[in-house]
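Comments concern the structure below.
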């Protein structure tokens, strides 16, 4: 089976759904952000602060290409889709799943999360604007799932049906 790439904006449920799908399909799950942190030996927020977003995006592209393209679920960072080369890679090497969630619901979920470098609770308008600027890229995915106000079980049932497992 080709890899399954789970994309979506921060807080949409990528990690949660990736883990649930991993258990359901008995496949390994790999998180690109976690792998970058392990390789660089620092937290994503520190990479952003010390090296900048462009350097982080380079690390992200390199990591994406280093991962297996068969029998693995890959949960991606929210911005991985900003680079056309990454979108092309994922579409050619697997099934791309876009988890959509209403940005206002995401903002509520992330209100107290200090680990998100691009989320500033004081500036919800900028958060929504960033979300909208990426939306067309996310929508290039093979499969779209709206996670807004749905349980993990509901999302999983819909996802399994769409990926035919």
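Glycine is no exception: its Cβ is also placed from the backbone N, Cα and C atoms.
When Swiss-Prot records 33, 57, 134 as binding substrate, the matching candidate from 13, 18, 78 it lists for that site is 78. Using a 10 angstroms CA-CA radius around residue 11 (ATP binding site), none of the binding-site residues in 33, 57, 134 qualify. Distance between Cα atoms for residue 15 (ATP binding site) and residue 134 (substrate binding site): 19 Å, as a whole number. Long-range C-beta contacts of residue 16 (ATP binding site), restricted to its own chain and to partners at least six residues apart, with a cutoff below 8 Å, comprise 152.
It is 14 that, of the binding-site residues 14, 57, 134, has its Cβ surrounded by the most other Cβ atoms within 10 Å. Across the structure, residue 33 (substrate binding site) and residue 14 (ATP binding site) are spaced 12 Å apart at their Cα atoms. For the recorded site, residue 33 (substrate binding site), the DSSP three-state label reads helix.
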